[in-house]
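According to TrEMBL, the protein has these features:
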- K39: active site, proton acceptor (ACT_SITE)
- K39: N6-(pyridoxal phosphate)lysine (MOD_RES)
- R137, M316: substrate binding site (BINDING)
- 247-376: domain 'Alanine racemase C-terminal' (DOMAIN)
- Y268: active site, proton acceptor (ACT_SITE)
Amino acid sequence: MTTVASTAALTATIDLAAIAHNVGVLRATSGTGVIAVVKADAYGHGAVPVARAALAAGARELGVAHITEALELRQAGIDAHITSWLHTPSTDFAAAVAAGIDIAVSSPRQLAAVVKAAGEAGVTTTVTVKVDTGLNRSGVAVDEWDSMAVALAKAQAQESITLRAIMTHLVRGDEPDHPLNSQQAERLDDAAADLARLGAPPQLMHLANSPAALVRPDLSRDLVRPGIALYGRTPLPDRGDFGLIPAMTLTGEISLVKKVAQGQGVSYSHTWIAPCDTVVAVIPAGYADGVPRVLSGRFEVLVNGRSFPAIGRVCMDQFVIDLGPDGGGVTEGDVAELFGRGDRGGATAADWADATGTIDYEILSAIRGRTVRRYIGGEA
Ligand SMILES: *Cc1c(COP(=O)(O)O)cnc(C)c1O
């Protein structure tokens with residue numbers, strides 16, 4: 001996605017001051033240092049500007065899934081500590097070693113590949129071990145833990161690696177009081193103790209994602225790894241918004257205003273029929289840009305402070321809103337807010353998620369296509 005200075009046809013405005021504010025909230029609630037998780041292009045907000053804003057606001061480190069994401073941050077001149085935790089046999093560990101990325105390994109095979117890359121470069125490289133304590137996704141499998149611990153200690157003794165951190169990911173972070181959260185923390189403590197017995201104690205431990213960082217300071221340990229809360233969305237809506245500020249506002253410039261006569265249908269298959277003579281407006285945003293097609297007819301947008309319903313099918317590039325018989329005073333070029341902070345009556349990403357049976361993580365990270373990003377509240 002490109003970045004523009006002013007409003008475009010379809011604009012995701014990213015408030016970097018909100019990102020900075022949210023870092024402050026997370027530092028306070030967790031009582032510890034923040035690894036700002038900027039994977040997936042910072043959940044659709046733009047990894048480089050978000051990383052810079054988070055670091056300037058006191059985030060201590062960055063976290064990403066793929067090494068390619070870590071390298072993009074380095075190429076932008078960001079020299080903060082970056083941990084990357086999702087690799088495949090074709091991952092370029094040599095590039096990660098050269099760029100000084102903390103590689104979180106999930107298996108003895110991955111560790112061996114990293115040791116090989118470090119050896120070829122003639123350096124000691126920084127490694128985190130990602131332990132599977134119940135999610136059964138990434139992380140060292142239970143049956144491989146003993147041999148992994150021995151291999152880590154050996155690699156450290158041979159100065160191929162420096163074992164910096166031990167991490168795990170919560171199964172039920174969004175149910176913060178579930179006993180599994182504490183059990184996973186205990187399993188991580190046990191794994192760290194195994195490494196200490198082998199002479200390779202990890203220097204740091206982290207397991208908390210956003211919900212735990214907000215309400216389980218006992219799980220904070222040395223660092224927390226929030227993603228969604230950094231972007232201002234509460235992962236625990238039943239327990240409030242924690243003072244977080246949503247960072248993304250999605251707006252579209254109205255491309256066309258026109259009359260539709262009573263009884264006429266609007267958009268593909270005429271799923272909406274005008275109940276009376278009315279005025280409609282076209283908004284240049286569709287499912288190719290991240291407006292879910294299943295949202296058709298189930299959302300409203302804000303124009304000049306007023307709410308107007310979306311009508312008919314959401315198409316690939318556009319959808320239509322009903323302005324009512326008097327046209328609502330809306331003219332071509334006016335700006336429609338699709339979702340935003342929700343503090344002035346408009347929809348939020350969470351409203352879209354609720355209406356489509358998903359979570360706001362998916363709504364935010366799916367904003368794409370012709371959307372251009374505009375940064376406010378800081379240096380882009
Ligand atoms: C994505 C991710 C996070 C951030 O999770 P949120 O629920 O968005 O806070 C933290 N840790 C790992 C390993 C992740 O993959």
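Glycine residues also receive a Cβ, built from the backbone N, Cα and C atoms like all the rest.
Fair warning: this is a prediction, and the values are worked out from it, not measured in the lab.
What TrEMBL annotates, mapped onto the structure for a quick look.
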| residue | record | DSSP (3 states) |
| --- | --- | --- |
| K39 | active site, proton acceptor | helix |
| R137 | substrate binding site | coil |
| Y268 | active site, proton acceptor | helix |
| M316 | substrate binding site | coil |
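Taking the Cα of Y268 (active site, proton acceptor) as the reference point, the closest of the recorded positions K39, R137, M316 is M316. With respect to Cβ neighbours within 10 Å, the recorded positions K39, R137 differ, and R137 shows the lowest count.
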